[in-house]
Each structure stands twice: as structure tokens, then as C-alpha cells.
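Have a look at the structure below, then the notes.
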Amino acid sequence: MAATGNKSSLYPTVYKGDRGNAQRNGSENGAQVDLLNPVDSLAQDVSSTAVLMARPDEDDLVGEPQEPDDRGNWSGRFDFLMSLLGYSVGLGNVWRFPYLCYANGGGAFLFPFVLMLILVGFPLMFLELSFGQFAALGPAAIFDRICPLFYGLGYGMIAVSSMVSLYYTVIIGWAFLYMFRSFASELPWERCHPDWLSESCYSYLQADECKAINNSVYYQNICYNSSQAFDLNITELAKNKTQRSPPAQAFFEKDMLGMSGGIDEIGGVQWQVALCLLLAWSLTFLALSKGVQSVGKVVYFTALFPYVVLSILFVRGITLPGAKAGIIYYLTPDFEKLVMAKTWVAAAVQIFFALSPAWGGLITLSSYNKFHNDCFKDSLIVGVGNILTSIFAGFVIFPIIGYLAHELDMPVDKVVDQGPGLAFIVFPDVVTRLPISPLWSFLFFFMLITLGMGSEFALLETVMTAVQDTFPHLRQKKTYVVLCVCLLGFLGGLPICTEGGMYILQLMDTYAASWSVFAMAITECTIVGWIYGADNFIRDIEMMIGRKGTHWKRFFTVFWKFITPAVLMFLLFFNWIQYNRMAYAGKLYPVWAEIIGWVMAMIPIVLILSLSIYKLVRVPDSKSPRDRNFIGRVRRLLRHSDKWGPASKVPKFDLEEVQADGKTVTNPGFAASTTTRI
């Protein structure tokens with residue numbers, strides 16, 4: 001049955017009474033059915049039996065249902081919510097946000113952080129969740145249906161998730177190694193061991209033991225008695241604290257990683273790191289081998305347990321001496337930072353990396369949802385939860401940093417380090433000063449493992465969903481697909497386990513998910529907001545979650561078409577403008593390494609462009625002469641394919657409400673104030 005007016009064929013009409021008379025005479029003999037107010041109890045496969053006494057003909061239904069045995073679904077709504085929370089709340093919330101907050105105005109940084117969530121994070125997150133849920137497809141297949149010309153966009157997202165998962169799992173392997181080394185009466189990084197010490201290594205435990213021997217002086221890992229210290233002027237030299245480095249730093253860089261002098265000195269594989277990497281991939285295989293149902297159960301633990309540990313560490317942290325100074329530093333606003341573009345870019349980048357839009361994970365996770373799941377509510381819950389988790393993590397970390405500054409007699413801003421340094425150097429050093437230090441070390445690194453695994457599950461599920469959507473016959477061999485992906489991931493992570501692996505990790509972290517992600521998000525907004533049409537997409541969303549108000553529709557229309565792409569364009573160009581040569585540990589990366597980094601960043605863009613060219617070359621000739629030239633081919637590929645539509649069988653309907661006898665004819669299975677049964 002064709003739609004009336006200029007509506008899409010996805011939105012025809014279910015009429016009251018005789019269908020033929022209704023078509024001939026309009027609303028006098030037939031009233032349209034309002035199907036846009038679903039309640040939560042609505043089943044996955046909606047049919048018009050809730051409206052009509054008899055089941056309608058297949059001609060009155062639209063949609064391409066995905067059979068549960070074919071693709072799979074979340075076994076419950078909270079499985080999806082926990083998976084989404086585990087994906088969004090990761091390692092960056094613990095080590096990246098506190099650093100950015102203290103480096104960009106303290107409490108003042110919260111304002112651009114929240115604003116960027118509204119301008120960029122939430123609109124993109126809701127777009128992708130509703131996008132994947134509507135079609136029940138991962139990024140590899142969904143763009144081929146909504147805009148065939150840009151179907152390579154999905155593969156670009158998968159490329160980003162694949163590259164990130166390689167080094168992300170190595171970081172989880174580091175956390176495993178630290179956790180295992182915590183099973184000791186004395187943590188191995190409490191002392192400067194001869195095997196990996198440096199001249200600047202300074203152990204407070206050894207210094208206290210040395211001082212207890214007749215006021216001897218501890219300097220450069222040697223305990224001098226008072227007479228030797230006086231003769232050699234050691235006492236004054238030992239007071240210089242600027243050249244001290246904690247044993248945890250030497251343990252991390254020399255004992256665990258065996259860091260070389262640069263990326264051009266790769267060296268051999270560190271076997272202990274490689275074994276922990278194998279363990280991380282093995283656990284990932286066990287969690288994902290049975291599909292999303294098994295993941296949905298595991299993520300209840302990986303998503304919620306970190307909050308238990310964070311709460312324990314928070315209570316312990318605020319009782320430490322110097323904790324107040326750390327909290328004050330964390331919350332003290334420096335409003336002068338707000339006039340700097342760098343602060344706003346840092347806030348937007350953190351939101352982008354926290355919620356991970358344009359990585360493919362959000363589309364993948366939502367593609368296993370029930371068709372009428374309230375993805376708008378899920379977006380609100382996870383978006384707000386992510387912000388609150390980041391803020392709470394700051395209250396956990398900064399009391400500990402304040403305590404460390406108190407112990408070292410140093411300013412707070414000289415203690416904080418960025419990235420792995422905060423998680424694998426600063427905190428391990430702090431726990432050596434706490435009672436029962438092995439317990440606190442175990443809890444912290446076990447928390448890092450659960451945080452990392454929650455995000456890793458979603459990254460790998462994105463890759464495996466792409467494989468299964470591209471090759472549907474492999475859905476029946478899910479275990480073998482997971483095994484192959486995990487094996488390739490382990491082999492791909494081995495170079496990062498070498499002596500030069502830290503330099504490789506920093507290179508991948510800088511380029512793998514950098515400006516190319518912004519470019520893909522802009523393209524995604526263009527496809528949904530302009531090519532397919534924001535109004536059409538909102539109608540699709542209303543099929544799933546019910547009719548929304550005018551202001552709600554205008555909000556997302558304006559953001560998807562104008563505001564969010566404009567902010568992303570600013571981020572993209574600012575990233576290019578502020579480009580600097582990479583350096584780590586004071587060593588500048590060679591030009592060839594920079595080129596490799598740019599190649600990694602270009603992989604998603606090359607995939608999009610090359611697959612677009614492939615589509616243009618392979619598109620069948622049109623019967624219309626005006627569509628046979630290049631412009632005609634582009635025009636045809638910009639239109640959504642015939643397969644685009646809802647993943648569930650739903651009754652055909654029109655969005656125009658037609659009144660019959662003063663009342664709207666409404667499906668009783670949907671919420672409404674007045675209902676007339678047909």
C-alpha cells in the first residue's frame with residue numbers, strides 16, 4: 001500500500017474499515033492508526049493484531065526482521081546498559097580526566113567538559129545508538145543500506161577499533177602483571193633493586209632504614225655513615241630532591257618493559273608482558289565466544305566492580321595526610337584557562353574518547369537491542385554516568401596525589417603525570433607508603449583490569465560483528481571467528497611487548513584514533529542529517545521509542561545538521577594546526593616513525609575513499625539516461641537502498657494523525673489517552 005502525499009514508502013497507512021473505500025474516500029471512511037507511542041512491555045515483533053481482530057496480510061507490514069538464532073540479541077535490557085557503561089567508562093576516566101582537569105583550570109574545566117558533552121558527545125551517542133538499533137546491523141553493513149556511496153565509513157570505524165584494541169589489550173596485560181607482582185609481603189618496587197636501579201632512584205623505605213642506623217645518610221642508593229657523609233659533603237647533596245625518581249618508575253621502565261633508547265631500538269619481546277597479554281586475550285575469547293549473551297553476563301561484574309574499588313580508595317584517600325591539598329588543587333578553578341582554545345579542545349577530545357562515537361562500538365552494541373528499547377534513555381544514563389564517574393575518579397586520585405606531594409615535600413603540580421605514568425608509576429609509588437600496601441596495589445590493578453576489559457569486549461565485538469555481517473554464513477561458526485580474531489590480536493600486540501614497545505604504543509595512541517575519527521563523525525552527521533535527512537531519521541526513531549515533541553525534534557535536527565558538525569570541524573582543524581613532532585621520554589621520534597603514524601591515521605580515510613570508488617565503478621547501469629553519467633551514479637548511490645528499513649516487523653503507518661469521530665484510532669498496545677478498538 002503506497003504512502004499518501006510525499007511520505008517515504010516506509011510510512012504507509014493502516015486504515016479502519018474497508019481498505020479500498022478508505023483509499024478512495026480519504027479519512028471519511030477510514031482513520032489512520034497512531035503507532036508512535038510504544039510502552040516498555042511491547043514485544044520485539046510488533047504486529048497489528050493489537051489493533052485488528054485478525055492478523056494483517058504481509059503487505060501491511062514493513063521491516064527486515066533479524067532472527068534471534070541468526071544474529072542474537074541481548075538477553076535483557078540491563079545487559080545492554082551494562083555493556084554500554086563498561087564500554088564508555090574505561091581506563092581514560094581514571095588516568096586521563098584527572099590530569100586534564102588539573103592541567104586546564106581545575107574546577108573550571110568542568111564547564112567546557114559538560115558543555116562539550118551536550119554539543120558533541122550526547123548527540124552523536126544517541127544518533128549511533130538509535131541508528132544501530134533501528135536496522136539491527138553493525139557498521140560494516142548498515143552504511144551500505146542507508147548510503148551505499150559511503151559504505152566504507154563502517155569499515156573505517158572498524159579499522160580504528162582494531163588498531164586501538166591492539167595496544168589497549170597490552171595495557172590490560174601490564175595491569176595483570178602488576179596485579180600478580182602484588183602477591184608478595186613487600187612490593188617489588190618499594191626498593192631500588194640492583195638489577196634495574198638508576199642513579200636518580202630514591203627509595204623512602206631504604207632511606208628510613210639507613211637513617212635509623214646512627215643518622216646515616218642515604219644518597220644514590222648507598223647508605224653513608226655520619227662521618228663519611230660529612231667528609232664527602234653528602235649531607236647537602238642528599239637534600240636535593242629535584243633529581244629523585246621513585247623506584248616504581250625504574251621498575252616500570254627497566255624491569256617490566258626493559259625500555260630501549262627509542263623506537264628505532266625495538267629489541268626482544270619481554271616474555272612476562274607477552275604472557276600477560278596472552279592471558280588478556282584468552283579471557284576475551286572466553287567472554288565473547290558465546291556471543292552477546294555471554295558478554296551481557298560478564299559485564300555486570302566488569303562494569304560495576306570498579307565503582308566498589310573506587311569507593312574504597314576514595315575513603316582511604318581522604319584520610320591520608322595532604323589529601324586536602326590535593327582536593328583543593330583539583331577543585332580550584334583557574335578561569336583564565338577558559339579563554340584558551342586548548343582547554344576547550346581538551347574537553348571535547350576527552351568527551352569524544354570517553355563515549356567513543358565514530359569507533360563503531362556504539363552502533364554494534366545497540367544493533368543487538370530489542371527494536372523498541374528506549375535508546376534515548378540509555379544515552380542519557382550512560383552520558384551522565386560517564387561524567388559523574390570521571391569527576392568521582394578525580395576525587396579518588398587527587399587525595400592520593402596530595403598525599404604523595406606531602407610525602408615528597410613537593411608542589412602538587414609537580415607530582416601528576418599523564419597517561420600510563422599516572423596509573424603505573426605514581427599510584428604504585430603511593431601504595432608503598434600505605435599500610436598493607438600489597439592489598440591496595442591488588443585492588444587498584446584489579447580495578448584497572450575490569451575497566452579495561454569492559455571496553456575491550458566492545459572493541460572486539462565491533463570487529464567480530466563486522467566479520468559476521470559481511471559474511472553471514474560465519475554466524476553459525478561464532479566460536480571460530482572469535483578465536484581467529486583473538487589470535488590475530490595477540491600476534492598484533494607482540495611488537496608492543498618488545499623493549500621498544502612503549503614507543504610503539506605512544507605512536508598508536510597518538511595517531512590511531514586521532515583526527516580521522518573527527519572526520520568520520522562529520523561524515524556520519526552529513527549522511528544522517530543531510531543526505532538521508534534528519535526528519536526521516538527522527539521518524540525512524542519514533543517508530544522505536546514513540547512520538548516526541550516539537551522541541552525534542554528541533555533540538556536533534558539542529559545539532560545533527562549544524563552544531564555538532566561545526567564543533568567537530570573546529571576540532572579537526574585545530575588538531576592539524578597544533579601538530580608537533582612526537583616525543584616521548586625526551587626523545588624525538590624519527591621522521592619514518594612519524595610517517596607510519598600518519599599512515600595509521602589515514603587508513604580509515606583510504607578505506608572510505610577506495611570503497612566509494614569501487615561502488616561507483618560497480619554500480620549497475622540505470623534505465624534512465626540522466627542517471628548513467630557520473631553525477632547520476634553518485635545521485636543513485638546517495639539514496640538509501642531498498643533494504644533499508646526497520647529490523648522488526650512493524651505495521652505500516654503514516655505520521656499524520658487523522659481524527660475519526662473526534663478520537664484518534666490508536667493501537668491499544670501503545671500508550672494513549674483515548675483509544676478506539678477497531
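The first residue you see is number 1, and the count goes up from there.
Positions of Cβ are set from backbone N, Cα and C atoms, glycine also.
Look at TrEMBL and you will find 1-32 tagged as region 'Disordered'.
Residues or ranges marked as transmembrane segment by TrEMBL: 80-97 (among others).
Cβ contacts within 10 Å of SER455 (Na(+) binding site), excluding its own Cβ and spanning all protein chains shown: 23. Per TrEMBL, the feature Na(+) binding site maps to GLY86, VAL89, ASN93, ASN386, LEU451, SER455.
Per TrEMBL, the feature transmembrane segment maps to 109-137 (among others). Panel annotation: around the transmembrane segment (109-137), residues 66, 71, 84, 100-101, 145-146, 337-338, 343-344, 346-348, 350-352, 354-355, 357-358, 362-369, 371, 373, 375-376, 378-380, 382-383, 387, 390-391, 469, 521, 524-525, 528, 537, 540-541, 543-545, 556, 559-560, 563-564, 567-568, 644-648 of the same chain, lying at least six beyond its termini, place a Cβ under 8 Å from a Cβ of the stretch.
Taken from TrEMBL, the feature transmembrane segment applies to 149-180 (among others).
All protein chains shown were included, and the count of other CB atoms within 10 Å of the CB of CYS201 (disulfide bond) stands at 22. The disulfide bond annotation in TrEMBL covers CYS192-CYS201.
Annotated transmembrane segment per TrEMBL: 269-288 (among others), in sequence order.
What TrEMBL lists as transmembrane segment is 300-323 (among others). Note on the transmembrane segment (300-323): residues 78-79, 82-83, 85-86, 89, 389, 392-393, 395-397, 399-400, 402-407, 434, 440, 443-444, 446-447, 450-451, 453-454, 457 of its chain, located 6 or more positions outside it, place their CB under 8 angstroms from a CB of the stretch.
Feature annotation from TrEMBL assigns transmembrane segment to 343-368 (among others).
TrEMBL lists 380-405 (among others) with the feature transmembrane segment. Long-range contacts of the transmembrane segment (380-405) within the same chain: residues 81, 84-85, 88-89, 93-95, 97-98, 101-102, 110, 113-114, 117, 121-122, 125, 307, 310, 313-314, 317-318, 320-327, 329-330, 350, 354-355, 411-412, 414-416, 422, 426-427, 429-430, 433, each at least 6 residues beyond the stretch ends and with a Cβ under 8 Å from a Cβ of the stretch.
Annotation comment: TrEMBL describes 439-460 (among others) as transmembrane segment.
Here TrEMBL flags 480-505 (among others) as transmembrane segment.
Look at TrEMBL and you will find 511-534 (among others) tagged as transmembrane segment.
For 555-575 (among others), the entry in TrEMBL reads transmembrane segment.
The transmembrane segment annotation in TrEMBL covers 595-617 (among others). Taking Cβ pairs closer than 8 Å, the transmembrane segment (595-617) reaches residues 148-153, 155-157, 159-160, 163, 507-508, 510-512, 514-517, 519-520, 523, 582, 589, 630, 633-634, 637 in its own chain, all 6 or more past its ends.
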Proximity verdict for the transmembrane segment (511-534) and the transmembrane segment (480-505), three or more C-beta pairs under 8 Å: no
ASN93 (Na(+) binding site): tally of other CB atoms within 10 A of its CB: 24
Annotated stretches the transmembrane segment (480-505) and the transmembrane segment (343-368) touching (3 or more Cβ pairs under 8 Å): no
Remote residues contacting the transmembrane segment (149-180) - C-beta distance under 8 A, at least 6 residues beyond either end: 91, 138-143, 256, 272-274, 276-277, 279-281, 284, 358-361, 363, 420, 423-424, 428, 441-442, 445-446, 448-449, 452-453, 455-456, 459-460, 462-463, 466, 489, 492-493, 496-497, 501, 504-505, 508-509, 512-513, 516-517, 520, 523-524, 527, 600, 603-605, 607-612, 615-616, 634, 637-638
Cβ atoms near CYS192 (disulfide bond) (within 10 Å, other residues, all chains): 23
Non-site residues, in chain order, whose CB comes within 8 A of the mean position of the CB atoms of GLY86, VAL89, ASN93, ASN386, LEU451, SER455 at Na(+): LEU85, TYR87, SER88, GLY90, LEU91, GLY92, ALA303, PRO306, ALA354, THR389, GLY454
Between ASN386 (Na(+) binding site) and CYS192 (disulfide bond), the C-alpha gap once rounded to whole angstrom: 38
Neighbour tally for LEU451 (Na(+) binding site), based on other Cβ positions within 10 Å of its Cβ: 28
